[in-house]
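This report concerns only the one structure given below.
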Amino acid sequence: YTLKCNKLVPLFYKTCPAGKNLCYKMFMMSNKTVPVKRGCIDVCPKNSALVKYVCCNTDRCN
């Protein structure tokens, strides 16, 4: 089974490579409403002072 994650434009998505079983979206802390990056990832990154990550593990949940 391969996860599908949305790309930055939500109408488009990609099939994740094996081993990348999370979808994520990344926000700048200065603007938490508009994601600046979306895709597949293997481990959810930690949030920092500048960026916030939201990760999930179902198809196109990002």
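Every residue gets a Cβ built from N, Cα and C, even glycine.
Looking at the candidates Cys5, Cys44, Swiss-Prot gives Cys5 as the cysteine bonded to Cys23 by a disulfide.
In Swiss-Prot, Cys40 is paired through a disulphide bond with Cys16, chosen from Cys16, Cys61. Within 10 Å of Cys44 (disulfide bond), judged by CA to CA distance, lie the following disulfide-bonded residues from the set Cys5, Cys16, Cys23, Cys56, Cys61: Cys23, Cys56. Reported as a whole number, the C-alpha separation between Cys55 (disulfide bond) and Cys61 (disulfide bond) equals 9 Å. Counting only same-chain residues six or more apart in sequence, the Cβ atoms lying under 8 angstroms from the Cβ of Cys16 (disulfide bond) belong to Thr2, Leu3, Lys4, Cys5, Cys23, Cys40. DSSP assigns Cys40 (disulfide bond) to a strand segment in the three-state reduction.
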